[in-house]
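Below is one structure, written out as structure tokens, with a few remarks after it.
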Amino acid sequence: MISIMNRVQLKRSNILRMALAGSDAMDGGKGETFLLKAIKIGGVVAIYWFISITMVFLNNYLLDSKDLDAPLFVTFYQCLVTVGLCYGMHLLSHLCPGVIDFPSVKFDLKVCREVLPLSIVFIGMITFNNLCLKHVGVAFYTVGRSLSTVFNVLLSYVILKQTTSFYAILCCGIILGGFWLGVDQEGVAGSLSWTGVFFGVLASACVSLNAIFTKRVMPAVDGNIWKLSFYNNINACILFLPLILVFGEVGHLVHFSRLGDPTFWGMMTLGGVFGFAIGYVTGLQIKFTSPLTHNVSGTAKACAQTVIAVVYNQSSKSFLWWTSNLMVLGGSSAYTWVKGMEMKKVHIPQEESKEKLLGEKSDAGV
């Protein structure tokens, strides 16, 4: 009798675990083979790396042009391309509903106003990001833009009143140490741009603010990231126009010799397409792996990007310069791992309480 009761409880426990885990756990061995899953994941990660690295080098090429000193216009045009692609995907989803899945993106002035605070931060993020890339180059870009994690911790405490664990703060200390060592080594090499470092710090702060404001405005776009991208880039296009006038970039454009060159506009458009595509492949990588794996992949990609830039430019870097990069990348990876472990500690008790509650309901015959 006792053994029968144990078997019933065991079966019930397994059913509860499967219900809590979702359909993936229920599929068992009937789903895809390990090899097929590995190939798919490898393909998605490779696409993410290719688009992300290519986008950085392409933006560096466009922004580093000696003939055209108009970073705001370059960024404005990329936002314009994103708006066009969002609307194009919206139309294609209606023409091919079974093939393309994209949300409806009809213009709504009320939603534009609600998204506006985020758009102001978004403009700062992409502008300072591009200005940092313009002044420091691709090789130092990872270190120059490495303080996003530190600002995440700082601004989460100041704005959201969220505290951070000792180990997470320790990881931030490693990142800060790597940042200062990198700045020092760039100075020793004679290639330091304080302007680029300044823009990198501002870009890092804006990245953190962007994440905070994104959470606040998501309800205005029904929680859809593509709708948010559409309205965000519309606002950005409008706000960039007076900035382009104020900073005198119109004069640079008028005297630009390649203004009628199709190759130039092709490269500009390609930069916008890659900017749009990075949003898609980021979501795809998270879907096929996990947020934690995505962050680790991003860190490894940044390392590969730095090596490619140094090799491509035939640069010679000191041991301490490479150490600064490893400190930044190692600190970022460790922070991701620490936060992942902390989330698991919170998540597991919740799952156990759910299982216990379902078990009690089952015992009661609910």
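Placement of Cβ uses the backbone N, Cα and C atoms for every residue, glycine included.
Since we're looking at a predicted model, the values are computed, not measured.
TrEMBL has this to say about the protein:
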| type | residues | note |
| --- | --- | --- |
| TRANSMEM | 38-58 | transmembrane segment |
| DOMAIN | 40-311 | domain 'Sugar phosphate transporter' |
| TRANSMEM | 70-95 | transmembrane segment |
| TRANSMEM | 140-160 | transmembrane segment |
| TRANSMEM | 166-183 | transmembrane segment |
| TRANSMEM | 195-213 | transmembrane segment |
| TRANSMEM | 233-251 | transmembrane segment |
| TRANSMEM | 263-282 | transmembrane segment |
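With a threshold of 8 Å between CB atoms, the same-chain residues lying at least 6 positions outside the transmembrane segment (70-95) that come near it are 59, 62-63, 101-105, 126-127, 130-131, 134, 226, 229-230, 233-234, 236-237, 240-241, 243-244, 247, 249, 252-253, 256, 268-269, 271-273, 275-276. Just going by CB pairs under 8 A, the stretch in 38-58, 166-183, 263-282 that sits most against the transmembrane segment (140-160) is 166-183. Across all of the domain 'Sugar phosphate transporter' (40-311), the predicted model scores a mean pLDDT of 88. Most Cβ pairs under 8 Å with the transmembrane segment (263-282) belong to 38-58, among the candidate stretches 38-58, 166-183, 195-213.
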